[in-house]
Amino acid sequence: MKELTMLSLSFFFVSALLAAAANPLLSAADSAPNPVLDIDGEKLRTGTNYYIVPVLRDHGGGLTVSATTPNGTFVCPPRVVQTRKEVDHDRPLAFFPENPKEDVVRVSTDLNINFSAFMPCRWTSSTVWRLDKYDESTGQYFVTIGGVKGNPGPETISSWFKIEEFCGSGFYKLVFCPTVCGSCKVKCGDVGIYIDQKGRRRLALSDKPFAFEFNKTVYF
């Protein structure tokens, strides 16, 4: 009886190993992070345009850029900001995972974020997000554009963000904590909203994350 049981167990484990070997893609899919979903429950697709819509009402609208400082000085590259009006979705965004073959955007994975169909200023043609250096005047790390798409490594470390689930199904936050360079020391943190003296709602590292949903853009 014991011999029969041992034979049955051996057959089970061998069958399981053969099944896993025959289905490597299925095994990889099972271990992959969850896909990011839009407000319709559909998976976010790489390179597709989406609006970021804040979860909290009466706390601003979508995301865009501002090329002026609080004192009116022009800056380039511009800063990433949230619009003040809730009804204003403003500029669409596209997301590009570290793995260029990945066609689905997933949580907890390094990715580039860039504004679509937008020319920031004549000194830079890049609309890719990046985390700027520490701003001593405000004590903040601000999000700007002018980053580098792809080419993960030390030279592009400031251009990689992550999407994480936050406070319920369909709600998300942005995080800066890239893992594309194992030897690099980075300042990790959630991306939140910093309101300057002119009332501009600027994206910056914060202990209060900016919670939002994704809404697929529609062109007429």
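Glycine is treated like the rest: Cβ placed from N, Cα and C.
Following the DSSP three-state reduction, the secondary structure of CYS76 (disulfide bond) is strand. When other Cβ atoms within 10 Å of the Cβ of CYS76 (disulfide bond) are tallied across all protein chains shown, the result is 13. Residues or ranges marked as disulfide bond by Swiss-Prot: CYS76-CYS121 (among others).
In the three-state DSSP classification, CYS177 (disulfide bond) falls within coil. Counting only same-chain residues six or more apart in sequence, the Cβ atoms lying under 8 angstroms from the Cβ of CYS177 (disulfide bond) belong to LYS162, VAL186, CYS188, GLY189. The disulfide bond annotation in Swiss-Prot covers CYS177-CYS188 (among others).
Look at Swiss-Prot and you will find CYS181-CYS184 (among others) tagged as disulfide bond, backed by experimental evidence. Taking all protein chains in view, 16 other C-beta atoms sit within 10 angstroms of the C-beta of CYS181 (disulfide bond).
Here Swiss-Prot flags ASN71 (among others) as N-linked glycosylation site.
The N-linked glycosylation site feature in Swiss-Prot is assigned to ASN215 (among others); the stated evidence is experimental evidence. Using a 10 Å Cβ-Cβ cutoff, ASN215 (N-linked glycosylation site) registers 16 neighbours. In the three-state DSSP assignment, the secondary structure recorded for ASN215 (N-linked glycosylation site) is strand.
Per Swiss-Prot, the feature signal peptide maps to 1-29.
CYS184 (disulfide bond) and CYS76 (disulfide bond) have their C-alpha atoms 26 Å apart, to the nearest angstrom.
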